[in-house]
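Taken straight from TrEMBL:
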TRANSMEM  A:35-57  transmembrane segment
TRANSMEM  A:69-87  transmembrane segment
TRANSMEM  A:93-110  transmembrane segment
DOMAIN    A:128-228  domain 'P-type ATPase A'
TRANSMEM  A:247-266  transmembrane segment
TRANSMEM  A:272-298  transmembrane segment
TRANSMEM  A:581-604  transmembrane segment
TRANSMEM  A:610-629  transmembrane segment
Amino acid sequence: MSIMSRFWISLILSLPMLAEMILHPFGWMLPGGEWTMLVLTTLIMAVSAGPFWQSAWASFKKHHSNMDTLVAIGTATAYFYSVYAMITHQAVFFESAAFVTTFVLLGQVFEERMRHNASNAVEKLVNLQAKEAEVLRNGELVKVPLSEVAVGDLIRVKPGEKIAVDGVITKGSSAVDESMVTGESMPVEKHAGDHVIGSTLNSNGTFMFKAEKVGDETMLSQIVALVKKAQNSHAPIQKLTDQVSNIFVPIVLILSVLTFLVWYVFLGTSVASALIFAVSVVVIACPCALGLATPTALMVGTGRSAKMGILIKNGEVLEAVNDVTTVVFDKTGTITMGKPEVTDIVGNQAQVLSLAASLEANSEHPLASAILAQAKAKGIVPAPVADFQAIEGQGVQANVDGQLAFVGNDKLLVDYSIDEALKKRAVNLQLAAKTVVFVGRGHQVIGLIAIQDAPKPTSKEAIAALKARGLKTVMLTGDNKRVAVAIAEQVGIDAVIADVLPADKADHVAELQKTGKVAFVGDGINDAPALTVADVGIAMGSGTDIAIESGGIVLVKNDLRDVDRALAISQKTFKRIKLNLFWAFVYNVLGIPVAAGIFYGIGLTLSPELAGLAMAFSSLSVVTSSVLLNRAKITSHVNEAV
Amino acid sequence: MLKIIVLLIGLALISFIAWWFFGKHAVATETANVTDDIQQIDIDVNGGYSPESVVLKRGVPAVMNFTRRDPSSCLDRVVFPDFGINRELPKGEKQAIQIDTTKPGEFHWACGMDMFHGKLIIK
């Protein structure tokens with residue numbers, strides 16, 4: 001029988017007793033008197049409260065106890081005592097047993113609904129998927145169910161349709177609404193060669209795309225898996241409640257026996273009043289509120305942040321965010337756009353560029369791509385090189401036309417000579433926030449290439465928001481000090497640690513951790529160790545898979561301002577967890593003494609009915625408070641606060 | 001006289017509660033059966049989990065079948081925090097939960113309110 005029907009049965013059967021209680025002072029008597037009460041309460045005990053007994057007994061046999069143990073013992077004590085009292089012609093309190101059952105069930109009805117609300121948000125995400133796709137098969141477009149779409153399929157998307165899976169546009173263009181995955185409300189223009197994400201909504205154009213990821217591999221599936229994991233993870237703060245909940249129920253039972261003994265044996269009250277106090281103690285104690293406080297808030301908080309495009313991986317991260325005092329940023333791709341462009345070439349333009357392009361043709365460095373792009377634009381074809389060698393953190397060298405040639409940063413200059421004029425030019429370019437690459441042949445530097453990676457337009461605002469929060473901001477980069485400082489000044493970062501070798505990033509983070517908890521924001525493969533070492537690793541969604549894997553928080557929208565939003569929502573969620581725990585403890589810590597009659601002297605007591613009501617609403621209020629987290633205002637210091 | 005007897009009974013009751021719930025009691029442990037390259041284990045959900053401790057073989061696909069007989073809403077969900085699993089257990093229905101056994105270690109599962117616990121050992 002469902003909780004709902006058990007509740008209705010017990011409510012309807014309790015109503016006559018409620019009427020008796022209210023109308024008794026006016027001289028109205030329940031027809032049949034105690035006998036009617038006995039029949040009604042017996043029915044409630046058997047039908048509505050029966051399952052409490054079943055559950056209590058099953059766990060008792062396993063040396064466990066739960067909320068049902070308390071409800072079962074509380075109601076049964078009231079019931080059986082009343083039967084005994086009836087036989088011996090004393091005052092009965094059948095109505096206590098009946099009302100407590102009704103109230104507890106009422107609380108459970110609401111609570112069940114709320115818990116359902118809290119956990120279902122993410123499952124709804126999965127339902128966003130398209131049900132079918134128009135796939136090119138044997139030269140014809142046919143509609144197939146989503147499950148039959150395979151990697152490599154060409155799929156047509158018409159205006160207003162959902163994109164079935166992840167892939168790359170092969171023909172056509174359109175604006176795509178990606179808000180369901182990234183949280184970004186503005187539609188994004190997509191052309192041939194651009195990636196599209198499954199489950200996002202095509203707005204105005206028609207295009208064909210090639211499926212690249214299907215099934216569990218798609219971005220949406222990955223996000224859902226990640227969020228589910230986060231929602232069910234444990235926050236360290238929970239350890240306390242875990243310990244408490246294990247011993248809670250037996251302790252309450254012991255307290256209840258003690259209450260009875262003190263009232264009956266030492267204070268000399270009647271058996272009936274001593275029992276009422278004992279029953280109230282059992283009934284008001286609510287282990288469930290304690291157990292629900294953390295998981296429900298965690299579930300709602302991580303679910304809501306996922307909708308904003310901020311994936312918080314687990315409760316541990318969420319808790320760590322609260323103590324962060326320093327935020328460290330990687331420069332390239334995090335603060336800057338990560339798309340470096342050649343701005344100046346010093347020396348013989350064609351010669352310098354051609355030599356640099358030949359050497360960099362084999363390099364994977366981001367600066368290399370800028371040089372190659374420039375060479376391509378100028379129509380320069382890289383020449384073949386021999387004995388190519390990359391020197392970590394410095395540059396590359398190789399043999400070109402039988403002569404040693406090199407391209408690299410100023411660390412390479414130890415072994416090579418450079419004239420004063422070039423050196424001065426290099427410094428000036430660096431002061432203008434441009435990265436300078438030295439190009440040389442033999443042992444002589446023959447020219448410079450200046451490359452600029454402009455800061456993202458939102459970086460400045462993002463940094464300002466974090467500073468408004470009272471956090472220290474630091475930039476960590478392998479780039480030259482002058483360039484780094486120039487960029488830092490543009491975006492308003494407090495401190496700069498430059499000339500860092502990729503392998504040393506994590507060490508610098510560890511060094512900063514000596515003064516407080518550190519969050520690290522990065523996107524590259526070389527950032528992965530730092531993301532792991534930091535108390536909170538924040539990976540940009542555009543970053544490499546390994547960076548996303550290493551980070552505790554992933555910013556899907558790739559917007560640096562989300563760092564502040566991530567901090568805001570984490571703090572809000574954690575505060576809510578603490579609030580919930582506070583209330584859950586207060587209920588029990590204050591409720592139990594009151595129920596035990598400690599404040600009897602000043603006229604403050606709780607009848608079992610009221611105790612039952614308080615207990616029912618304690619877990620309900622905790623769950624409601626968690627669900628309300630969905631509506632709570634998140635105070636972020638950046639514009640368009642969510 | 002009556003009061004002294006009541007007092008003694010009460011104290012005995014307290015000792016019993018303490019012994020029954022806090023004393024050391026054996027926990028039922030079971031190893032899953034492997035048939036056709038799949039290991040299966042049935043978990044009875046009634047006032048807790050039976051068995052409460054499960055041993056699975058590493059690398060063999062595993063399924064844990066939870067059947068809830070307990071009417072309590074306390075046990076209406078089963079949560080494996082390490083695997084991101086949070087499954088509803090409708091009363092009387094067998095719910096098959098697939099476990100990823102690629103990583104060895106000790107994991108825990110719990111009811112939705114974190115009141116009842118079970119232990120999963122993969123080795």
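Heads up, residue numbers simply count up from 1 along the chain you see.
Keep in mind that glycine also has a Cβ here, set from the backbone N, Cα and C atoms.
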Maximum Cβ pairs under 8 Å to the transmembrane segment (A:581-604) - stretch from the list A:35-57, A:247-266, A:272-298, A:610-629: A:272-298
Top partner of the transmembrane segment (A:272-298) among A:35-57, A:69-87, A:93-110, A:247-266, A:610-629 - counted as Cβ pairs under 8 Å: A:610-629
Within-chain partners of the transmembrane segment (A:247-266) [C-beta distance under 8 Å, separation at least 6 from its ends]: 65-67, 69-70, 73, 273-275, 277-279, 281-282, 285, 287, 290, 592, 596-597
Other parts of the chain folded back onto the transmembrane segment (A:69-87), taken as Cβ under 8 Å at six or more residues beyond its ends: 34, 38, 41-42, 45, 49, 52-53, 55-57, 59-60, 93-94, 96-97, 100-101, 104, 249, 252-253, 256, 271-272, 275, 278-279, 282-283, 285, 287, 608, 612
Surrounding residues of the transmembrane segment (A:610-629) on its own chain - C-beta under 8 Å, 6+ positions past either end: 74, 99-101, 103-104, 106-108, 110-111, 114-115, 117-118, 279-281, 283-286, 288-289, 292-293, 296-297, 299-301, 304, 572-573, 576, 579-580, 583-584, 587, 591, 595
Arithmetic mean of per-residue pLDDT over the domain 'P-type ATPase A' (A:128-228): 85
Secondary structure content, the domain 'P-type ATPase A' (A:128-228) (per DSSP, counts of residues): 20 helix, 42 strand, 39 coil
